[in-house]
Amino acid sequence: MMKVVIVAILALATTLVSAYDPSPLQDFCVAINNTDSAVFVNGKFCKDPATVTANDFFFPGLNIPGNTAASKLGSSVNLVNVDKLPGLNTLGISLARLDFAPYGLNPPHTHPRGTELLVIMEGTLLVGFVTSNPNKLFTKVLNKGDVFVFPIGLIHFQFNIGQTNAVAFAGLSSQNPGLITIANAVFGSNPPINPDVLAKAFQLDKNVVDYLQKQF
């Protein structure tokens with residue numbers, strides 16, 4: 001009986017570990033795309049440690065504001081993940097800079113593989129996340145120096161309620177946390193979701209659904 005319990009616990013632990021970025025078994029595994037003389041770890045090939053340099057762990061430019069004017073929503077997110085910083089491979093972490101024009105919005109979205117820890121550097125943001133059923137909203141107004149956490153996989157948002165620009169930085173608990181923007185996914189999928197499905201799900205007239213799908 002004891003052996004069965006131990007096996008069950010180990011199986012559960014293995015399942016939980018595999019659901020997140022695995023812990024590295026070496027000091028680092030700098031990611032490369034070239035497969036020559038490389039070892040495959042966590043979706044990326046490891047660079048030969050003898051050829052690794054300090055630049056593999058370096059990314060410049062997060063001091064530069066994002067171009068919020070290029071977005072209809074008035075926000076810009078510069079995510080530094082393993083694709084931009086190869087030294088992040090297997091380390092289970094990434095970083096983002098978020099810029100907001102006045103009343104700019106980072107719309108409701110989820111990170112399927114990472115918890116997000118947000119710190120406000122400038123401005124005032126209204127933030128929040130929604131739990132799984134029964135869909136309770138947790139929301140807070142944040143000012144400079146405030147910190148807020150968005151649990152992994154939950155829908156969340158950030159909205160600049162101030163009349164000046166806002167800046168925030170976010171740490172995420174995955175080298176590649178993923179991003180699902182809710183409106184884009186629902187109304188802008190490729191191929192599109194059948195409008196009848198969306199009309200029924202959202203209790204909308206089909207013409208409204210058609211209009212929304214054209215926006216994405």
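In case you wondered, yes, glycine gets a Cβ from its N, Cα and C as well.
Because the structure is a prediction, the values reported are computed rather than measured.
Copied from TrEMBL, the annotated features are:
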SIGNAL    1-19  signal peptide
DISULFID  Cys29-Cys46  disulfide bond
DOMAIN    60-210  domain 'Cupin type-1'
BINDING   Asn106, His111, Glu116  oxalate binding site
BINDING   His109, His111, Glu116, His156  Mn(2+) binding site
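Neighbours of the Mn(2+) site: apart from His109, His111, Glu116, His156, residues of the same chain with C-beta atoms within 8 angstroms of the site's C-beta centroid are Thr110, Gly114, Phe129, Phe150, Leu154, Ile155, Pro177, Leu179. The shortest Cα-Cα distance from His111 (oxalate binding site) to any of the recorded positions (Cys29, Cys46, His156) is found for His156.
For Cys29 (disulfide bond), the nearest of the binding-site residues Asn106, His109, Glu116, His156 in terms of C-alpha separation is Glu116. Its Cβ taken as reference, Cys46 (disulfide bond) is surrounded by 22 other Cβ atoms within 10 Å in the chains shown. Ranked by Cα separation from Cys46 (disulfide bond), the binding-site residues His109, Glu116, His156 are led by Glu116. Within 10 Å of its Cβ, the residue among the binding-site residues His109, His111, His156 with the fewest other Cβ atoms is His109. Neighbouring residues of the recorded oxalate site, listed in sequence order and excluding Asn106, His111, Glu116, comprise Ala96, His109, Thr110, Leu118, Phe150, His156, Gln158, Ala170, Leu172, Pro177, Leu179 (Cβ within 8 Å of the Cβ centroid). Per-residue pLDDT, averaged across the domain 'Cupin type-1' (60-210), gives 96.
Cα-Cα distance from Asn106 (oxalate binding site) to His156 (Mn(2+) binding site): 9 Å (rounded to the nearest whole number).
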